Amino acid sequence: MAAAPPHGHTPVGAAAATSAAVSIACSSSAASCNEDDDDYGGASSSWSLSSPRRGQPYRRLLRDEAQRLRRARRGQGPGADTPRWVRRTTDQMARYVEDDRAGHVYGRHVVAAVRTVRATASRPSADMRQAMASFVTRLTFREMCVVLREQRGWRQARDFFAWMKLQLCYEPSVVAYTILLRLYGRVGKIKLAEETFLEMLQVGCEPDAVACGTLLCAYARWGRHKDMMLFYSAVRRRELVPPVSVYNYMISSLQKQKLHGKVIHVWKQMLEAGAQPNQFTYTVVISSFVKEDLLEEAMDVFGEMRRCRFVPEEATYSLLISVSSRHGKGEQALRLFEEMKAQGIAPSNYTCASLLALYYKNEDYSKALLLFSEMENSKIIPDEVIYGILIRIYGKLGLYEEAEQTFEEIEKAGLLSDEQTYVAMAQVHLNIGDHDRALEVLESMTTRNVKPSHFSYSALLRCYVAKEDIAAAEATFRALSQHGLPDAFCCNDLLRLYMRLGHLEKARALVLKMRQDDFQLDEDLSMTVMEFYCKSSMIKDADKLFKDIQRNRKTVKIPTMLLLIEMYARNRSCVILKEHSSSKALDETDSSAASVVLKSLLDMPGGLSSVSLLISKLAREGSTDEAKFIYDQLTELGIKPDDSAIATLIVQYGQAKQLEQAQELFKSASAFFPEGANVYNAMVDAFCKCGKTEDAYHLFMEMAKGGNRDVVTVSILVTHLTKHGKFQEVENIIHGCFQDEVQLDTVLHNTFIKSMLESGKLHSAISIYDRMISSGISQSMQTFNLMISVYGKGGKLDKAVEMFAAAQELGLPIDEKMYTNMLSLYGKAGRHQEASLMFKRMKEDGIRPGKISFNSMINAYATSGLYNEAKSIFQEMQDCGHAPDSFSYLALIRAYTEAKLYTEAEEAIQMMLNSNTTPSCPHFSHLIFAFLKEGQIGEAQRIYNQMKEASVAPDLACCRTMMRVYMEHGLMDEGISLYETTRGSLKPDSFILSAAFHLYEHAGRESEAQDVLDAISVSGTSFLRNMKIGSKL
């Protein structure tokens, strides 16, 4: 049987009509209903409608009856018949349910009525009147409501309600209509629910908060949020406040549709209506505030929730921890986490992930590891997000193997499904420069059907940029563009790749594309574009970009401004041309773009020091013209740069041998700075580098008058004076430093000692060393090496040995140079055993002997005539990969000649010639002297001829020795021939000239003898008259 239509008209609109009906004003009459009832006492009803019909206020009557019963029980005292909780067993509970089914609770006839109505569902054509004919007059109104409530199908409920209204005991009640509304709302029959609600109004039943809440829940359940809010407004105009459960249903439905703004709106209206939120309400509202990124409001609601003594759920804590971390409020997030743990709430994976991300951001890795331990103790199984954060932490700590091991564990566990995990692992590989492995990780993502997004394409682009693979980087950039406009980081990476590889045309095209798309440049990208403009000398574009940045009131970073200034300096001819063509209306201070940028830079903190550093940088790079241009710009503005910048430029002028420019700059800058400043020291250095040691010395002495002696400048000046043999000036500087008690360091003491060593003033060198020790200046390895040389040159081998031992006692790492120095001294002293022990100790200390060390050891054996040992060391040197040089062969030849093994010595000379090692006169002289000493003049003459055939010119010592032998043995022709062949290559020598005179005179060649005598007179050498020819014949 179809439900009877409601009285009056059938509504066409849905919520609009309902809203209009509910908004009917309540009657202001105070009429009361004084009907007596056995169960209910007289009750004055204020639940009236504008309709003339009035019904029993059932809900109020039931509430009043319950209160009456409680009062009655209180009046009975301790013997009151109070219902008690009954603990039933499982069997007893099953029996209780069976009794309910059997009608022991409501009555058997009620159970039968419920079954009868439900049975009509299987018979669509069944007539409810016929089906319920046997129940007419048997059911009371309350029992009919029970039957209506127990129905499962909306059709059966509708038909039964229509039958119910035909019964004599039926009286329109909000309870019955509410039950029907709930059934309609449960199955989504919103239109029927609206019609039922209108019918309830038309029959004179005033809806209460429960009825209105039921319809609101129906709207919320089926997503009719617009109708729900419209109906809610009408309910509030009736000054009805729905139960908190209805509010919860509403906000829960809105939140499911991500309408967080409306959730917050309902929340505020709920507070205005005076409804008391419960725990569920607070949980949903806090979640919506978090989703709307309203942290402060969310924390306010959270505080109110705790004041009401509701225990927040883990999800609430998790959301608040996450949003606090996102807002940079790490302490608040940690405080919430500690509070959650104090209440015994175990954190979820999401909470742990939020905290780990916070620790990762703050680089607090110890707390991150502690949280991992807590998760393990709490048996919280990490998910992929947590593993991804762990991989990032391992990458930051440099634990690359652990990161890769974690990635493999995720893969084996089947958790690898998020692209961010792949990107995290790829980033770890990028950090260690393993670009190929990073690409493998990202490519494996695509093979496993993980859809790449903008995030993974950005990582892939970084890989190709790091590999400098332009083709792949461009392809990735195009793929990235299909997902939307690439971000500034990607554009910056590609642009820097183009600039690094010199593809300026592609860089220009990319910049042009960004300008056409009105791409918003961030700070890094702006600097890269500015750098590109500067490298490409695109002055107009650079000017425009600079003005755009200033127009947008963005802070131009100092590095960007320095790039601009450097561009103007490198293209100053273009700047000058632009200045000449500019408008005359411009101020003088604005005549150049460089001046404009310089002014802006100088107004910034640290601007002047940055410009000074730029001048120093350009000067060190050799760009002295550009550095001078910036210096001139500063002086025009009345600004003086740091003296260190000017000093660097002066030094660079000296390095380039541009002394005039250095003097000009020094002259202009010396007015700004007092004597002794860096510019004076730099000028001394420039004089030294240009070979003007006298000018450097005089300038330094002027500085010294003011008590200004920079130790570095003193060291440089002393080194150059020593190189040019100006030892007296060096002594003056040393004396001045000691007299004025200048604080000298180890390096300068070493410089003084070395200068005295080279000048041969060994006593002064020792005095400087003693002063160094008494002043408590620490000794370096070079100090001991120099003093070993000083004592060795003075023949004090024992002192040299003491210096070597002192260096060892101080724990200084003895290097090869010191060992070689000692080997040389032992060798010269003929103490080959000590030299051999020293050579052995050097190798035991892990020092691999070099060629000089081997040569010194061969010399030591040669001095003692130990040719076998010398030959063994010579072979060892070759076995160690050192090719013998001229000194090696000379030491070996000397060893053979000392042992009178002349054949082996000749073989050594021949081996030297075969190895393409250029010989010198001493290589032959040792053998020549040995033959002459043995009286084998012919052999000596043969070796001498071999020397000339090898194009080796004899030295003075060799010629004098040969000449003496020729004189003593009366070999006049050989002596005259020697003189005539060597007089053009040797400097005048008194012995050779005197011998030549006597040879010519004895041979009767008076004219040649006179020529020799004239040469003696011109050269100023002494004439030896007592020389005799053939003294040994």
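Each residue, glycine too, has its Cβ placed from N, Cα and C.
Unlike curated entries, TrEMBL annotations are predicted automatically.
Copied over from TrEMBL:
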- 239-398: domain 'PROP1-like PPR' (DOMAIN)
- 402-524: domain 'PROP1-like PPR' (DOMAIN)
- 31-56: region 'Disordered' (REGION)
- 208-242: repeat 'PPR' (REPEAT)
- 278-312: repeat 'PPR' (REPEAT)
- 348-382: repeat 'PPR' (REPEAT)
- 383-417: repeat 'PPR' (REPEAT)
- 418-452: repeat 'PPR' (REPEAT)
- 487-521: repeat 'PPR' (REPEAT)
- 607-641: repeat 'PPR' (REPEAT)
- 676-710: repeat 'PPR' (REPEAT)
- 745-779: repeat 'PPR' (REPEAT)
- 780-814: repeat 'PPR' (REPEAT)
- 850-884: repeat 'PPR' (REPEAT)
- 885-919: repeat 'PPR' (REPEAT)
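DSSP labels the residues of the repeat 'PPR' (676-710) in these numbers: 25 helix, 0 strand, 10 coil.
Beyond its flanks by at least six residues, the repeat 'PPR' (607-641) meets 558, 561-562, 565-566, 568-570, 572, 589, 592, 594-595, 598-599, 601, 648-649, 651-653, 656, 658, 661, 665, 668-669, 672 of its own chain at Cβ-Cβ distances under 8 Å.
Mapped onto DSSP helix, strand and coil, the repeat 'PPR' (607-641) counts 27 helix, 0 strand, 8 coil. Averaged across the repeat 'PPR' (745-779), pLDDT in this predicted model comes to 88. Helix first, then strand, then coil: DSSP counts for the repeat 'PPR' (383-417) stand at 28 helix, 0 strand, 7 coil. Residue counts for the repeat 'PPR' (850-884) by DSSP state, with H, G and I taken as helix and E and B as strand, are 26 helix, 0 strand, 9 coil.
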